[in-house]
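> Take a look at the following structure, please.
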Amino acid sequence: MATAGAVIAACILALLAPPPARAAGGGRCAGESFSANRAYAACNDLPRLGASMHWTYDRASGDLHVAFVAAPAAPGGWVAWALNPSGDGMAGAQALVAGPFPDGGGTWAVRTYNVSGYALGEPGPIAFPASDLAAELGADGRVRVFGTLGLGAAAVGGGGVLLNQVWQVGAAVSSGGVPAPHAMGADNLAAKAKLDLLRATTVAAGADSATRKRNIHGVLNAVSWGLLLPMGAIFARYLKTFRAADPAWFYLHVTCQLIGYGVGVSGWATGMKLGKESRGVTYTDHRNIGIAVFALGTLQVLALFLRPKKEHKFRVYWNTYHHSVGYAVIVLGVVNIFKGMSILGVEQRWRTAYIAAVCVLLVAAAALEAVTWGVVLRRRKADGKTFSSAPNGHLPHSVSV
């Protein structure tokens, strides 16, 4: 059990740690070369979607010369880069979208979009005058998008130069030239950063408030539904067999379940708040399973206050209900944790760490299953009883909480 707790603790620290910032001019972007002798004063490897940003900012004129490099999500897809003067997301973005549009004459072309909501809408003028727009598909499968944006002094806050940038990739463009919606993976949703024009840096937006809330939501649920509740079930199922552990097993079971439920409710509430704040983004399966886990877990807690006495004729039905709902909560909780990891884009090493923690619990349960069956068999042999004489036909060490 200590091993599982240590693994989860490591996961907590890793999930809450912000990603490192990228240094200007370092990494892959520094070796990039462009056609037509284009050159830029600064570049950054962006923290999501394998993209990079190259730019030269002319303070005197307020012009920003840019080259954005990214691979479409699939052949024939599209790429986009934008500045957002009103926020750090998609709504309000002034976007350059490159794709194999029909008006490109069979080659890649660039369109501008003033994105007012959570859909691209129709192409049209943007807040920053755009010129010298061009795009080309490289032999490496990545698209280079070029352009010049007239920011002006007012556009950057009268001398301020820290701008919100957003980028994205999509998998297809329709025959009518409409970019298909992009994926809703963690990298897609987190493809945003601050662009400091004068310091020539890109600061990852991975440590913003929404990302921290998502990480906290994931950690709370992993610890509660994914660790404490299974541990509580193990205490109840196996420790009860040992007479010396009575009534300690009951208090261990109730303590784990109540603490797990309390932490799980916090995780569930955080998830619901994130859902309300993430307009236009819905993870239907993850949301519905989370609601089901919360509802069933609440029923389990309420059932504790309606538990008949051991000798009551309805006790056997209560036990069946309690076991069925309890195991359903554990299974659904673990499944939803893995769904949440996929949504967050958790690194494989942390996914592996959680799998290892679950395996520790499974191995412990399997070992205790063998031990307790051995204890029960020896006890029944000594008492001269058989399984057929078990009260109510239950397994000899079935949990009766």
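Each Cβ is built from the backbone N, Cα and C atoms, and glycine gets one as well.
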> Scan 66-84, 218-236 against TrEMBL and say which stretch is down as transmembrane segment.
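It is 218-236 that TrEMBL annotates as transmembrane segment.
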> His253 (heme b binding site) has how many other Cβ neighbours within 10 Å of its own Cβ?
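Total other Cβ atoms inside 10 Å, all chains included: 22.
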> Cβ neighbours within 10 Å, counted over all protein chains: which one of the binding-site residues His217, His286, His322 has the most?
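Buried the deepest by this measure is His217.
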